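Annotated in TrEMBL:
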- A:6-27: transmembrane segment (TRANSMEM)
- A:34-53: transmembrane segment (TRANSMEM)
- A:154-171: transmembrane segment (TRANSMEM)
- A:206-225: transmembrane segment (TRANSMEM)
- A:237-262: transmembrane segment (TRANSMEM)
- A:282-301: transmembrane segment (TRANSMEM)
- A:356-377: transmembrane segment (TRANSMEM)
- A:397-421: transmembrane segment (TRANSMEM)
- A:428-447: transmembrane segment (TRANSMEM)
- A:538-557: transmembrane segment (TRANSMEM)
- A:569-597: transmembrane segment (TRANSMEM)
- A:618-638: transmembrane segment (TRANSMEM)
Amino acid sequence: MEQLLLFVLLGLGPGALIAGIALGLVLTYRGSGAINVSAGAMAMFGAYFYYGLREGHLLLPLLYPDIGGPLPLPVAFVVAVAATGALGLLIDFAVFRPLRRQSPLAKLVAGVGVLMTIQAVIVLRFGGQGQSASDVLDTTALHVLGGTVPVNRLELVGIVLLAAVLLAAVYRRSRFGLATRAAQENEAEALLTGLSPQKLSMANSFLAATVCGALGILVAPMTQLDPNTLTIAVVPALGAALIARFTSFPIAALAGIGMGVLRAVTTYCQTQPWFPTADGTAVVGLTDVVYFLVIVAALIWRGKSLPVRGAYVEPRLPPAPAPKRVVRPAVVLTGLCVLALLTFPYDMRQALTNTMIGAIACLSLVVLTGFVGQMSLAQYAFAGVAGLTVSKLAINAGIGFPFGPVLGVLAATALGVLIGIPALRVRGVQLAVLTMAAAVAVQAFGFNNPSWGAGGNGSPVAAPTLFGVNLGPTGSFPINDADQPSPLFGFVCLILLLAVVSLVVGVRRSSLGKRMLAVRSNERAAAAVGISTRTVKLTAFALSAFIVGIAGVLYAYNFGSVDPSRFDIVNTFALIAFAYIGGITTVKGALIAGFMVTEGIASHILDSYLGLPTNYQLLIAGVLLVVTLIMNGSGIALQPPPKFTFVRRLLRRSDDDAPATATTAAAMSMAKVGGK
Amino acid sequence: MTAQPLLQVDALAAGYFGMPVVRGLSLTVGAGEVVALLGPNGAGKSTTLRAISRLQPAMAGTIRFRDEDITSLKPQAVARKGLVHMSDRRGIFHGLSVEEHFRLGDGGKSLDLGTAFAYFPALEPLRHRRAGLLSGGEQQMLGLARALARRPSVLIVDELSLGLAPVIVEQLLPVVRRYATDSQAGVLLVEQHIHLALEIGDRGLVLSHGDLVLEESAEAMRADRQLIMSSYLGEGPQSGKRSAAAG
Ligand SMILES: Nc1ncnc2c1ncn2[C@@H]1O[C@H](COP(=O)(O)OP(=O)(O)OP(=O)(O)O)[C@@H](O)[C@H]1O
Ligand SMILES: [Mg+2]
């Protein structure tokens, strides 16, 4: 019992961080209506900035100038907190302000872009490995309960609670607080009162960033200073903020500390003999499962009562036109791919294969986000489950091709439906939050488990063979198979890509597609005309997980093993970025996105031939994601084509001559529906 | 009427998605003057007010307030200059208490609670109650009290009577009249209760399908009901000529 209490005391450190991020989330939400998933990344930025100053350097994007020796602790702390505050201002000005009339989901996805950008800046400077952050607070040991606890844990809790109480008082008493509450309730009325919601939003973003930055600096020595740990602490913080209805500061802080204590208690339980084990060691990642469950519960309990921002414009959605001409481009592209697979050198062949698999993964987002307006941050979790199922079935049950992959895809679909079920109660942004927690939980509890996951060195995947022919990347092929991957595997990917494209095009053109768009544009109105929004959303989730499951199986065969890091949530962030940049509402957009995915064709050319490493590409992708969202999220695919009039006329001629068939007319009318 | 009107709108056009709902509208409001802007539903009255307070852009025309062109200012800047727009949402915030509405202030200045309670003594016992919990009439009182406490030089009010019993409207409108006379402020009043508005107003304007179809003294309009009837029912051309002649 005493030992448990000791664990709890130690857990107060991470708890304070979660609480601080939760305070930041509440502030940003009240100030600008955005659920800022990059709040954890801001804490991480603050911690790294402080680290840089203490090393005698100034941390800037792509630069790390010497400042002539380390700054003393208090100065470094103040400067680093101010720098994080400045970052908050910048993000408010450059990201959330231009997006203020967009849907809450667009704001959330923009947060993903910001997160990616910050993370890329840090990784480019410090790499993915952790640094040892130096202590900021007093580390004197207190002797309590027969053990020792550094006094800083208690100080931290004091600081966070004080911040929460101060913020609550400011919001209750000060004119700034009243004004923020007024602007949150109704922006137009606030304007008529002479208030400036944009300035209020900036002030709140600044406060949020300073709180996150300060806590990041203070807590980094107790957790770990790496690009991921602090960033992902936003997940439990989201849970805490939800419990506080994105409104109450004291509740957010207490719930955040509670989340930290929850982690400590789980860690304590892991030391107990009764704790479930796998392969002789205690099961890992249960905390993240608990966080997920807390978030589900909080959403069901609080979701309906989250304050909505009274903006005075209906957000516009990017159009999702039905594809008109399909057969010709498909034939041309297929021909080009076949030619490329038969002639490209091995590295470009691999890149093309990656592009095709990436395009399949992006198509899963077209269905879910482009057509139905829901967002899943768990796409690679679904993919990983599919891949892992293939691997485990082969190893443990001897089930190989083709039953393994089929079962794998079905497993991904089942998980998709499972996570989609809460979607029946929660919507839009809240659902995105839920899938984010799910992704982290699946990763920590599933993939990282050495027994049923792929912990350690990954779980091997045998090559798929059919009638003795190796269809995988290691197979042989009469032409161009001097090095892996075999063109044959490329053909397998191509066939599946074509199948998925047909599926998505078919869905968009079917009545289901129309219903999906109706749900996207207005759920209530859709329900009012008799559309079962539940069925539509659940179908979309199932379909999306099914498609990304196919991508997962292909990834597994592609790499010959399932490695947890391949199915990390960070990869889902990148996937979302590429899908948006390409154009998340159209099949064409997904294909463009496929070219850009990490290690895809464009990425490979940039990396190997033009000297732009993937980490820079991710930095650019993060920025471009934000830019795309600001331009109403239509992506490259829906941009007006460049005016090479002559060339286009040449290409178009045959189509213009063709008589308009019934199907094209139908497609056109649907395009109008989609365009609305 | 003074020589220089406080509010002068010239050839204003405003609308939505590039389609004007109000076209070529010109009107003036002088010091101490109450002007009633009347018209059937959907005529474009609220749109006009929103364009004047800059809540939505003017597609054409100019808006001058106290000799300053405000056509391209931001709504919050216009509000701080003393052009107060009490919209059909009453300018209140449900999450704030009655008292907090006055502490919220007006672009930096705190508002005088005393004046507000002097206008509407009924608000005093409710000072700690959240606005969302007030009745419709109490909310309207709060909105008007707050608008007046901001001491506007021009007050534009959208349907003070919305959802209220005529008895209460009869109490509220004279307050507006009194304020205009006492402070020499201009008031532009959108109303559905035509006779009540004309009773306290100096002039009346009738808007129909976005066009000004009638502009007359309140007295004349009160006297000749037929005048309003025909302008409301869209027997436009004739009265349109009239107003063109008048303008
Ligand atoms: N937000 C909007 N988007 C598009 N059209 C609008 C919008 N608001 C009003 N309209 C249209 O503009 C026209 C004028 O509307 P407005 O609200 O100005 O009328 P009104 O005279 O205030 O009517 P009422 O007496 O019913 O309040 C109407 O035809 C209405 O459909
Ligand atoms: Mg109106």
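Glycine is no exception: its Cβ is also placed from the backbone N, Cα and C atoms.
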Counting Cβ pairs closer than 8 Å to the transmembrane segment (A:356-377), the top stretch among A:6-27, A:154-171, A:282-301, A:569-597 is A:569-597
Which range out of A:34-53, A:282-301, A:397-421, A:538-557 gives the transmembrane segment (A:428-447) the most CB pairs under 8 Å? A:282-301
With the cut-off at Cβ under 8 Å and a gap of six or more residues from its ends, the chain residues touching the transmembrane segment (A:282-301) are 235-236, 238-239, 242-243, 259, 262-263, 266-267, 269-271, 275-276, 422, 425-426, 430, 433-434, 437-438, 440-441, 443-446, 448-449, 455
Does the structure show the transmembrane segment (A:34-53) and the transmembrane segment (A:154-171) touching, where I'm treating 3 or more Cβ pairs under 8 angstroms (sequence separation 6 or more) as a contact? no
Long-range neighbours of the transmembrane segment (A:6-27), counting only residues six or more past its ends (CB under 8 A): 35-36, 39-40, 42-43, 144-147, 149, 152-154, 156-157, 159-160, 163-164, 167, 204-205, 207-209, 211-212, 214-216, 218-219, 222-223, 230, 233-234, 236-238, 240-241, 244, 246-249, 252-265, 267-268
Cβ contacts under 8 Å made by the transmembrane segment (A:569-597) with residues that lie 6+ beyond its boundaries: 109, 112-113, 115-116, 119, 228, 232, 318-321, 323, 333, 354-356, 358-363, 365-366, 369-371, 375, 377-381, 436, 439-440, 443, 501, 504-505, 508, 603, 618, 621-622, 624-625, 628-629, 633-638, 674
If you count every Cβ pair below 8 Å, which range out of A:206-225, A:397-421, A:618-638 shares the most with the transmembrane segment (A:154-171)? A:206-225
Non-local residues, at least 6 beyond the ends, that sit with Cβ under 8 Å of the transmembrane segment (A:397-421): 376, 378, 381-383, 385-390, 434-435, 438, 442, 462, 464-466, 471, 537-538, 540-542, 544-546, 548-550, 552-553, 556
